[in-house]
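Below is one structure, written out as structure tokens; comments come after it.
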């Protein structure tokens, strides 16, 4: 065995315990007692420093055990010092050791009565103030920590299930929570050590005084005065040399249990919170006011008041310098070109001519920015995901009073405004169009006739039936119309990841069945884009992901996934176009025409069809005519087709009849009542009905089959 192994650190604690026991039962020389007294004081100071430098209580989790060993050491020294004082006290103060003699002679001036009073005051401070307060804090902290333990464990399990932490992180967090509960429970019991130590110190003092007087007068022939001068002074010195480390450990315990977790140590935390200049000006004023009271020691109050004032001024100036200081920015290297300089990272951009810049000026309230902020929030709610922010920029490529809207760098709309004028739109309810003076134009959003009017003509235009809007509303309305059918273009992997992370925090088990397996982020983005192209909003994301979870267990093929999801969401699709408990108006295709459409499909997966242009135009015009014949307040009809033909017909009618919803038979809920209002390609004549909102045709066998 090497020397290093013989003195292993693991043996330090057992050797220390044996030493404490030996101090209690074996006599030791005075010089060795002095050494242990000094070590006891050093240990207490080091424990206090460790407590003050801990950033959180668990940084000193061994404190309860350290407090126990320090208390045992102090009690063992009390036993050893009592033995020396009673055996050798008659020989003089030096016989009990230099430390006890110094505390008994120098610190209390040799007056044992003063020493007794000082000792009692220290005991009151330690027992009634520090120890009692620390014990109460420990008790409350232990209770609250144990009460919160089940909730913390559940939170860890929830985060683990949601994928917010790994198994190793969860294990470390559980270990930390258990250690925290054990720590505060141990501190609640450790505070009893300090309290018991204070009581034991008082009893030991009484024993030393009484036993010293008795032994001095009976065994050594000393008078009462001589015995008191020797033994009482040594007993008080012994009590004081033990009470100082006890007080330091009590303060350390109080610091630990009252410590709030922070990235700084206690000194830095307190210093940072007292560095607020607003604290020191009232302090300076109050000290100055008290110092002006007659008979007050002005030589003390006034300098302290001046110091507080100077501290306030210095902290105030430092704060002003810190707020005004700007970090130096290195000059860009003209030889280097960054990717930001050659690419446009913004998805939606509004380019304004210089004549419209006032719409973004904060001095004028920045009305366009406020309007677009509200529009973006509304669009996020409609689409069901957070769309990227809009970018507004001035451009010399646009007319001075013009604007241009781009999506991904591609222009999708533009228009011209008139500065400081309002747009009066004729919605078809204008009584006298010539009664309102203005410049004729066309509404860029809906193509309605409109007028640019002065602000003073607003009331007249409203009275004549015009819809009057300001310039920023014109731009915002056009953006809303342009982006309403382009939700899929606004959805990217970043938005999908944010949506998945949001759902994972609440429905982690569901998300684990969807992504990253069996669907990658790219595949999931493609699926959600397809749903948006079909007009399905993602605001019901939980229901969509539930359907996606079931569909993903059956297939990974994209188009098949879309069909399965739409079939599962059928009630939601119908509910978006038909009121509850109402019949759904239905348009169908004649069987022969539907077979032609299905037979012309080149690739069923892609939905691409080959059909004569005249026939495609005829189908679109026929459905468009049906939509125009219906009453404006009537429910919009749906085209019901075979599942194989839905995708192809939806793409065919997107431009020719954009107002019709194409559903497959599988997407129609079994309990949904329907009303067939037309059959495209049938030869039966139309039969008028009493309902102005319904145009019906004679029922064919195919219609009866579908209606059943």
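From the backbone N, Cα and C atoms, a Cβ is placed for every residue, glycine too.
Range annotated as transmembrane segment by TrEMBL, chosen from 229-258, 319-348: 229-258. In this chain, the transmembrane segment (279-312) does not touch the transmembrane segment (66-86); fewer than three CB pairs sit within less than 8 A of each other, excluding pairs fewer than 6 residues apart. Long-range neighbours of the transmembrane segment (7-29) within the same chain, counting only residues 6 or more positions beyond its ends whose Cβ lies under 8 Å from a Cβ of the stretch, are 36, 69, 72-73, 75-77, 79-80, 83-84, 87.
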